[in-house]
Amino acid sequence: MASTRARPMLPLLLVLVAVVIPGPVGAQVSIHPTEAFLPRGGSVQVNCSSSCEDENLGLGLETNWMKDELSSGHNWKLFKLSDIGEDSRPLCFENCGTTQSSASATITVYSFPERVELDPLPAWQQVGKNLILRCLVEGGAPRTQLSVVLLRGNETLSRQAVDGDPKEITFTVLASRGDHGANFSCFTELDLRPQGLSLFKNVSEVRQLRTFDLPTRVLKLDTPDLLEVGTQQKFLCSLEGLFPASEAQIYLEMGGQMLTLESTNSRDFVSATASVEVTEKLDRTLQLRCVLELADQTLEMEKTLRIYNFSAPILTLSQPEVSEGDQVTVKCEAHGGAQVVLLNSTSPRPPTSQGTSPRPPTSQIQFTLNASPEDHKRRFFCSAALEVDGKSLFKNQTLELHVLYGPHLDKKDCLGNWTWQEGSQQTLTCQPQGNPAPNLTCSRKADGVPLPIGMVKSVKREMNGTYKCRAFSSRGSITRDVHLTVLYHDQNTWVIIVGVLVLIIAGFVIVASIYTYYRQRKIRIYKLQKAQEEALKLKVQAPPP
């Protein structure tokens, strides 16, 4: 039979008729199945049957969907409903005589969501700010058995029922550093297990979040304000505490020109270092600019640099090496706008001309002196100052004067009178002064034996005597007598002392022995006398016979 599609209003009219007009006694219409669960666009066979025995029985099926009558009998008909798009209630009706009756079935349609989509995430999300996640669900039935889940990686953030079409669910996340690189997604769950089917999932596209953090927004630009021509300067720009440092871009510009640099990125630190040779070609004033880019943020720091040229002062000696008594001129000159502010020396002896007392700054200072031995290795110091951009800069120069003079052998150089104990360890110091350094010889005047200069491990009495020391160099010579006295004790004296001590001790022993002998003898005599006296008393007291 040809497929037909019922008119929309007819089922409603039939229901009303069935309610208002009761059927004949015993007549009943039935529909099978009374409930059906099928996918959207599916088909189902519906059987309408009646208990009416009237030969003119009219039996039919009303539905919104395409139907085909597959077969029929006197009181039944079998239909096929196709392309069912949504939940519906097909109606079997009968005309039995002058009455009508009907029965309906429930068809529930299930379908998977047509669209499950997580809204695109921002290119960068700042740490500490709220991120709103949105998941859109279109389609899917039955809605009572449909839910949507938001995920961060494998962690469930939110689970909500889907009660509208389309349905948008949201969830707010406080972004953290740990969310950098995290994957976010959403999926739907259509639970058809109560109907004997499975749990079906539809997953959205996974989106990755990138977070950033800039707790400190001030770049650190480490560089001097003043740059001297002829020097190699290092510029350093850095920022600490940012995240992720590996994604940060940092660069340096000087005078609008990008500098070649070395950059360092660690866990939460980024830096850029550039080395620049300062030349005369550079402008006297330049802008140094550091730029850091992270996410959609840009940080900048600028510094004004001043270029200057400042050469060290020129310090000269009329002669760097002179003889004792010669006159020496010391001169210090500054150039390029610099001023000499100090010309001095390490020696406390003042110069013989023009002095070094404070004076107003000038481009040149000089003085003269008559060289003496005290001026040997005297260091002269010159300081020049240049004011640049309100700051005073200084450069210094030093020179050393060498004075040639003959040997000196004073008490401070060679004590000349030593008294040592025989057998002791001593150090004999005798060092003449002079330039060039003089040689020294010391020998005993009596026999020419040399004086032991330096470490003496054991002093001997044979070293005792007067020595003549001679210091000499190409500048002359000088002599001086020195004395070494060795204290010692004669062995014969010790023998006599020991003998006397032995005699004294022997005499003391003899006297003590004699004293002890006579004392014991006297005690014995005393005891004997006492015994005799006692015996006599006893004899006198005895009665006569």
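Using the three backbone atoms N, Cα and C, a Cβ is placed for every residue, glycine included.
For C332, the disulfide partner named by Swiss-Prot from the candidate list C382, C414 is C382. The disulfide bond recorded by Swiss-Prot for C96 reaches one of C48, C52, C186; that cysteine is C52. When you check Swiss-Prot, the disulphide partner of C135 from the set C48, C186 turns out to be C186. Swiss-Prot gives the label N-linked glycosylation site to one of N370, N396, namely N396. In three-state terms derived from DSSP, C442 (disulfide bond) belongs to an extended strand segment. Nearest Cα neighbour of N183 (N-linked glycosylation site) among the listed recorded positions (C96, C237, C430, N464): C237. Separation of the C-alpha atoms of C52 (disulfide bond) and N154 (N-linked glycosylation site): 62 Å, rounded to the nearest whole number.
Under the three-state DSSP scheme, C237 (disulfide bond) falls in the strand class.
With respect to N439 (N-linked glycosylation site), the closest of these recorded positions in Cα terms is C430, chosen from C48, C92, N154, C237, C430. For the domain 'Ig-like C2-type 1' (41-103), the number of residues in each DSSP class (helix H, G, I; strand E, B; coil) is 0 helix, 42 strand, 21 coil.
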